[in-house]
Amino acid sequence: MGLLASVGVLLPFPFYYWLWKYPQRWVDMCGKGKDPSKEMAKVSHLLKLLQFLSLYSVSTLSWPPPLYFYPLFAFGQFLNFRVYQLLGESGTYYGVRFGKNIPWVTEFPFGYIQDPQYIGSIMSLLACLSWVPLQYISLWILGLLFMMRIESKEETANRAKPLS
């Protein structure tokens, strides 16, 4: 189960990498009349489910969780919720890369925490260390750090042209 769980944890990152590097291909694949951010969200939700099932397959759930779980998980999820609240689906799911005009946001947590959605995800994963073996949490965090690095290099010339 270990290798399968590892693959499941890492599954979304090649997809995100490909979308970031080749956004026009995704826009073209989605076709006219389809919102590439919405389509990305659908695939991402499926991949996220597979990630969670992979972690669940190697976890040992015990209750109650350690006290560090509550603040780490709560603040991590707050950051994720806040990012989605401020950016919306298109802003969260690479809308800028797909040729959409997404307004620049400076409200908290933006401007205070670099990469708040990734930091929130990392905090939430660390909160689960009492249930999930470190190697799987580490793999997921390495995937997030990899995407933080990739996304820090915005190539404006590489943005997609929306299909009309």
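The backbone N, Cα and C atoms fix where each Cβ goes, and this holds for glycine too.
The stretch that TrEMBL tags with transmembrane segment, taken from the ranges 43-63, 85-105, is 43-63. If you look at the transmembrane segment (6-22), the same-chain residues 6 or more away from its ends with a CB under 8 A from one of its CBs are 40, 43-44, 47-48, 50-51, 53-55, 57, 94, 97, 135-136, 139-140, 143, 146-147, 150-151, 158.
DSSP assignment over the topological domain 'Cytoplasmic' (153-164) gives 3 helix, 0 strand, 9 coil. The binding-site residues considered are A74, F75, G76, E155; of these, E155 has the fewest other C-beta atoms within 10 angstroms of its C-beta. A sphere of 10 angstroms centred on the C-beta of E154 (S-adenosyl-L-methionine binding site) encloses 11 other C-beta atoms.
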